[in-house]
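Structure first, then comments.
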Amino acid sequence: MFLLLTLFSCALGLNPMKIAIISGYGSLSPDMQFELQNSLKWFQSAFLVEKSQNPVEIQDIYAKIPEYQKFTSVLVQTPTHRVNMKLHSENMKNLLNLADFLVFIVQQNPEKCSRDPDLLAEALPIVLVADNRPPLAVMSICLQNSPRPRNSGFFFDLFRHEILHGLGYGLIIDKSKLTEKKSEKYIWHGANNQKIPSIRHFLDFDELSLKAAKIHFNCQNMAGVQADGELKNHLNEYIFGNELMTTHLEPHGNVFSWISVGIIERTFNGEKQWYHINGTFISTEANQYSYGKKFGCEFLENSCEDFLKIAEKHKIGLKLAPFCRKSLCYKLPGNAQIFKFTDKNCENRRVIGDNQKWCPMAKNLPLNYEISPCLPVG
Ligand SMILES: [Zn+2]
């Protein structure tokens, strides 16, 4: 009780989001539990919310997450503490009253995990009162699918990604349809004149995000924030690369950018904004996002093959990572020497999540190489 009150002090207006994870299945492995706790600290620092007018009751939990009917005691992880708690207790009542957002760990279906080896975890928001911020989410984890090797920060990114879904990122639909964008058909030009009919989908709630994305890509005509498929759950992998909210997490570092800040801040139905992001806290990370920076509309609207042809003519000096082109040369900042892309440092790779599309990607190069004319030959 004392613990909770000191953790979660109350005030009117916007306050750091009080978040906790509840598990009837005990603790995760020590490294995962540690990163889960770190992700909670991150959410508490990054998210500001208003106190909900509709407190959650234990009966809501039993109704929406029936598997919790079988537990008498659960593990509660807050940003700073880990405690066991009885579900029917004053402490739990207080927790439900004080917390802004609770994520319940639920059992994953092992068959689903083995069917999709890329599935690491899944989270879904639970809205209790229409047009109000979801106070609850469920999250399941496919322990058997966790990738190796990985760095310790991988689970930090995985939990941030999933809890963002739990808050509604890519999973809540704009009921007003005000931010819904029509999908666009286009042709992806591959190597050897291959033409692949394709469709661009755009995320809902892109009003704020699109402004940030236009600046990032340097494309004022950008039509919308491209989604990864018609479900519109994620940012498009090809366009947004190592952004935290693309479908596929990079093993080494994913960035929560201003583009995602814009999506989650605009993710709400009803009159009032649900989430406010602490820009000062987030800026160190968000400003690091450099994937596709200044690539222009040519990148957003064309295949990599077409984009690289244009870049070759008009974008000398552009930092081209992760792409490369064998007819081009590159140099590294602060070094006058010019190098040629060769088979050794430039290879064709499949676009993640799309079996038909391939792009030439750099291999074993530092990411700050710039395109350079090939003459004089170095
Ligand atoms: Zn996801």
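Note: Cβ is positioned from N, Cα and C throughout, glycine not excepted.
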If TrEMBL says His161, His165 bind Zn(2+), which of His88, His201, His216, His234 does it name for the same site? His234
Collapsed DSSP category at His161 (Zn(2+) binding site): helix
Sorted by sequence, non-His161, His165, His234 residues with Cβ within 8 Å of centre, Zn(2+): Ala123, Glu162, Leu164, Tyr169, Gly170, Asn233, Leu244, Met245, Thr247
